[in-house]
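As written in TrEMBL, here are the features:
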type	residues	note
TRANSMEM	B:18-42	transmembrane segment
TRANSMEM	B:200-223	transmembrane segment
TRANSMEM	B:244-269	transmembrane segment
TRANSMEM	B:296-317	transmembrane segment
TRANSMEM	B:324-341	transmembrane segment
TRANSMEM	B:386-406	transmembrane segment
Amino acid sequence: MLELTLNQVSKHFSAKKAVNGISTRLTSGVYGLLGANGAGKTTLMRMICGILNPTSGEIQMNGQEISSMGEHYRDMLGYLPQDFGYYPDFSAEEFLWYVGSLKGLTLPAAKSKARELLRTVALSEVARKKIRTFSGGMKQRLGIAQAMLNDPRVLVLDEPTAGLDPKERVRFRNLIANLARDKIVILSTHIVSDVEYIADQILVMKQGGLLMTGTVEQLTTTMEGCVWSCHIPAREAEEWNARYCVSNLRHEGNQVELRIVSTVKPAHHALLVAPTLEDFYLHHFQDEQVAVTDEEKERA
Amino acid sequence: MDTLTRFELRKIMRRKSFYAGIAILIAMILLMISTLVTGAWITGKDGKELKGIATFPLRKEYNRQLAGPLTVEKAADAVNRHYKLWHDPKNLNEKGEITEEAYAKYEVKDEQIDSLIRFAFSPIGEYNYYVINKLKPSDAQAFYEKRLEKVRGYLNMNYSYGNYSAEDMAFFIKMNENIPVPFQMNYVTGWENVFENLQYVFFFTAFVIALCLAPVFSGEYLSGADSIILSSRYGRNRVIVAKLKASFIVSLGLLVFALTTYTLLMLGICGFDGGNASVQMIEFMAPVSYTVFQTYLWAVFIGGLACLLVGALTLWLSSRMRSPFPVIIAIVIFLIGPMLLKESKSSRLFNHMMHLLPSNMIDSFNRVTSYEVYHIFGQLIPEYKVMAGFAIIVIALLLPLTYRAFNKHQVV
């Protein structure tokens, strides 16, 4: 049984509190880190991976401080950073062999595991191609493969679905679901639906702190009675958009259907609807940078 | 070689900077050799000036005739030949100077030994071309005494940055007395040419080493690969050792490549002879009792250590800077800066300190044959040996610092 404990973990950069006194206990399962840009997700993940020391607090694995575990802890770890460098002159398989060697695999073992993972992330065909020829999505898949080379017990994935097309994202979600048994998987993403599908538990971060923790249901339950649907004339849409937190807007002739997140009923004809995680997100982060929705991501 | 070292080697050797470095080395070596070869000249058998590659076989032919021990009898014979040449009216023109024909027929063959005699018998601090004209064959008996006299005179001169102490003088006189006489003569033009540009070979090699090693750590920070490396099992220990090993192999490889290419090409063109000759055939006042080849080995050892020191410094800077570019800039300033500074006219100590910088250390032939000595813990140690020890100590200090810097690196 794995247990990763964060005890009052903080990281300050001069006056800025990137992570502020986070305490939580993670056991086997998939944890989604949700938060706006600058919420401290990446900093927290870096501290969990031991590549950034906390200013205060401690992170323990099965009761032992991770910094004192050294190589033993890193051997349990798989990490996909948000933006990281590939060696452009290496082929995909060479890159994986190299990372495999870094992770303590013998070269034959690294080769065998690399072959298997390249197949898993659908890169077998281009295994011998130089990474410089890869698209963003291919690089991201290679990144996911390298994180899993040592069959890690703690898998930390920072924005793993960035750059993946919808089909690849589905494949990734299934992969994580299969992998998650007996592992701690921590992933952050801006794509709310990814967390919604994959995560057993969601850790909501805001301004360096842990705002809330729970399952999708638990979080969305807190939004019950706060999500409304109503039809208004199209010419008034802009005004409503400015006045309320509108999570969706759909044109229907000269009318628009609005989905509004509000603690008060926005109009007498507004109807309560079932809340989603995206509504929850918008409610808590409407004053910060808006999360990228599926549609927006695809449009981009 | 372990797997990680092989991968680190591959990373360094696949970068464009590596290929650019090799190209720079080849271009500079070819340029240096061609400049020396095209600038060579000798008076041909027909009295006309001979230039370029054709000069070397002829000079070799003449110098080989004098190869062997430089006995005082041999010097006396040379003085005698010179005397006869200059006292036979048919060899002189209307101005009383030797004719081109006579020079080509007789004098050119003795150029090497005559110049050594001129050096020995010229006043201190001078090279009097005509001093040989005033000598009698019997004067040549004092050839080696005259050389020692000149050494004493050099040591007794007044220097604005501080004179040699009695202890220093005794040290160098003893060194000179320990040089076996007679000196061994031979054709040494090939080696002389090798020494001529050796410091520039080291300079460019040091630069290329810096170019190749600058991204070893900082490249990982810049690309963001440091996150993956440092969170992996061997990312804070074995991979750092692998990076250091690979860097050492690349540095050594570049050094061997540059030195081998330069030396073999130069000797291939100018001739391999003369390795067993006394180094005094090239640097008459040299206080060391080495052959030309032994001096070459010392020069390569000192210059090579200077390059490795630049490599170690590059790695340390690379472990502390976030991009390879400022590392290269810092190394270029470090390499070129001291070259632009003139030697102090008031402090020998300052000059000694400056000489320990790699940019001065690479002038290794001059350092091995120079009259500089360091007083360390009551011991007198020649400068070139201090340089070797200094370089080894600094490298040994920099490597753990580099290891520590990457090991403690924080991904912010």
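The backbone N, Cα and C atoms fix where each Cβ goes, and this holds for glycine too.
Keep in mind that TrEMBL annotations are predicted by a computer and have not been checked by a curator.
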Listed stretch, out of B:18-42, B:244-269, B:296-317, B:324-341, B:386-406, that has the most CB pairs under 8 angstroms to the transmembrane segment (B:200-223):
B:296-317
For the transmembrane segment (B:324-341), find every same-chain residue at least 6 residues outside the stretch whose CB is under 8 Å from a CB in it, and list them.
203, 206-207, 210-211, 214-215, 218-219, 222, 310, 313-314, 317-318, 354, 357-360
Can you tell me which recorded stretch out of B:18-42, B:244-269, B:386-406 has the most Cβ pairs within less than 8 Å of the transmembrane segment (B:296-317)?
B:386-406
